[in-house]
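**Student:** Just passing along the structure, written as structure tokens.
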Amino acid sequence: MRQVGLFVNLDKPQAAEVQRRLTRLLRDAGFDVVCAGVQRGSDVEAADDLDRLPLELLFVLGGDGTLLTAARRFAHHGVPLLGINIGHLGFLSEAEPAELEETVRRVVHKEYDLERRLMLEAAVYRHGQEVARLVALNDAGIAKGSFARMITVHAYVDGVFVDTYRGDGIIVSTPTGSTAYSLSCGGPIIVPHLHVLLITPICPHTLFSRPCVIADTQEVRLVVESTHDDVGLTVDGQVGVRMAVGDEVMVRRSPFDTTLVKWRDREFFSVLRAKLRNRESQ
């Protein structure tokens, strides 16, 4: 029997009803359905035995934040993720609640493609010792607090000095993350299949600091220089660690990728236009 999993954000008002409908449709189609995990607020619970389950794919019920959480949580498993949007924008999702019947039909007949998205690994070092290691699908960003003065970040790529950025911080993004925080900071849109990383300064206090695109085989070293301790590293805008003056962050491509289920009749730029225009009108 074909087996699929559900990862559900129970904080969403529609979550329970959509989960019930989707489960019924999948079981009627002959699937074994397991709950691979749930998210309540900042707490995430996932099945401990997921690695032993031969899941064909994992349905993620929530918004973009829920899918980012699932991507980090299940990165080592390699299970393909299919987002059902019950959030706000749903840029990473592939279906809406009104499309559940068609979604199940496509899954039954395997009318989809699998798209691999590279991830990041960010490690924080303090006095030469690693104090934190995080993974991200979208981005890893160093930023000052809301009321703190600007910070200085020295950036190196493969050990070679690139520039010193003075402002609110700096972001290292994947192509997937180029349409997230980096886009709001003036960064370019990068098509998802390119093997590159993007370095984008946040509100730089200069006329000459610009985003920089590098190969995904290169390693970024960021050294924080600040006169205050209101600085932090955040991945995917969700999980973070407070940093101290002199801390270093090493960002590289993660050994894990996220695999997304994508419909064959949808093209990246069409989705981009539709989703971003929808956001502007709200």
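Cβ from N, Cα, C; glycine included.
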**Student:** Given that TrEMBL annotates Asp64, Gly65, Asn138, Asp139, Arg149, Arg166, Asp168, Thr179, Ala180, Tyr181, Ser182, Leu183, Ser184 as binding NAD(+), state which candidate in Gln14, Gln238 belongs to that site as well.
**Tutor:** Gln238
**Student:** Looking only at C-alpha atoms, tell me how far Ser184 (NAD(+) binding site) is from Asp64 (active site, proton acceptor), rounded to the nearest Å.
**Tutor:** 16
**Student:** Quick one: give me the count of other CB atoms within 10 A of the CB of Asn138 (NAD(+) binding site).
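**Tutor:** There are 28 such Cβ atoms around Asn138 (NAD(+) binding site).
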**Student:** Report, in whole Å, the straight Cα-to-Cα distance of Ser182 (NAD(+) binding site) from Asp64 (active site, proton acceptor).
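**Tutor:** About 16 Å separate the Cα atoms of these two residues.
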**Student:** Looking only at Asp64, Gly65, Asn138, Asp139, Arg149, Arg166, Asp168, Thr179, Ala180, Tyr181, Ser182, Leu183, Ser184, Gln238, the residues listed as binding NAD(+), what is the longest Cα to Cα distance in Å?
**Tutor:** 31
**Student:** Counting other Cβ atoms within 10 Å of each Cβ, which of the recorded positions Asp64, Asp168 scores lowest?
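**Tutor:** Output over recorded positions Asp64, Asp168: least Cβ neighbours within 10 Å is Asp168.
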